[in-house]
Amino acid sequence: MRSPVGAAPASAPPAVALTRVLVGAAVIAILLLTYGLARAGGEASPIDFFGYFTNLTSLLAAIILILTGTAGLARRPAPPWLTLCRAVATSCLIIVAVVYNVLVPGTGSAPPWVSVVLHGAFPAIALLDWLFVGDRPRLPWSRLWVVLPYPLLWLAVTLVRGATDGWVPYGFLLPERGATSLALHVSGLLAALLVAGSAVWGASRLPGLSAERAHPADAAPAPSP
């Protein structure tokens, strides 16, 4: 079966791979800490906490980053499916950063430093990692559509919850705002996501600054003279 993306050209240097693991673990720790603070304040539902696109996307992106870093520590390129997942996660993190910092800055109940990490630092790290570490293949434009299923699934679940128990994470998803308002907001966000995805797909064609070829122990022996 043909791979959905090209073969990764190289594995990440060990220092980069370790940094990925540490950053992913730190983000998960911050999410758990933030949930603990929310629970102490009476907001005990993990379904509500991870119903926020920022929190769920950060969790998934952190897991993907840890898996990618683990592959690098083993001196192996990330498998194509994992690289594709990282591209989707990076695209979604761009939207997280742009929407929060441009449209709704300063909102939310999390401590300000948590917001800085999840809406600023982590998306920036993920984007810089994608831009400057050359261990990702060129992504085919025919696969750009894969940025849509995850946010569409999140949106569908959120709208069902809004219609059944009245809980939505963001005001523009409230049913009482009307179908027209909802359609405009959703269409705009999906269009922005496709733009972000296009940027990530385009960046996969950049050579990057740092990557390692296969480990010498894994290389085929040179032919005898």
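Cβ coordinates come from backbone N, Cα and C, glycine included.
Within the chain carrying the transmembrane segment (21-38), a Cβ under 8 angstroms from the stretch's Cβ atoms is held by residues 44, 46, 49, 55, 58-59, 61-66, 69-70, 73, 109-111, 114, 117-118, 122, 125, all 6 or more beyond its ends. The annotation transmembrane segment is assigned in TrEMBL to 21-38 (among others).
Per TrEMBL, transmembrane segment is recorded for 50-74 (among others).
When Cβ-Cβ distances below 8 Å are used as the criterion, the transmembrane segment (81-100) is approached by residues 4-5, 8, 53-54, 57-58, 60-61, 64-65, 67-68, 71, 107, 115, 118-120, 122-124, 126-127, 130, 136-137, 139, 143, 146-147, 150-151, 189, 192-193, 196-197, 199-201, 204 of the same chain, each at least six residues removed from its ends. According to TrEMBL, the transmembrane segment annotation covers 81-100 (among others).
Sequence annotations record features per position, and here TrEMBL assigns transmembrane segment to 112-132 (among others).
What TrEMBL lists as transmembrane segment is 182-203 (among others). When Cβ-Cβ distances below 8 Å are used as the criterion, the transmembrane segment (182-203) is approached by residues 87-88, 90-92, 94-95, 98-99, 130-131, 139, 141, 143-144, 147-148, 151-152, 155, 172-173, 175 of the same chain, each at least six residues removed from its ends.
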Outside the transmembrane segment (50-74), six or more residues from its ends: residues with CB under 8 Å to it: 11-14, 16-25, 27-28, 31, 34, 82-83, 85-86, 89-90, 92-93, 96, 100, 118-119, 122, 126, 129, 135, 150-151, 154, 157-158, 161, 167, 169-170
Residues from the same chain, set at least six apart from the ends of the transmembrane segment (112-132), whose C-beta lies under 8 A from its own: 16, 20, 23, 27, 30-31, 33-34, 54-55, 58, 61-62, 65, 86-87, 89-90, 93-94, 96-97, 100-101, 200, 203-204, 206, 208-210
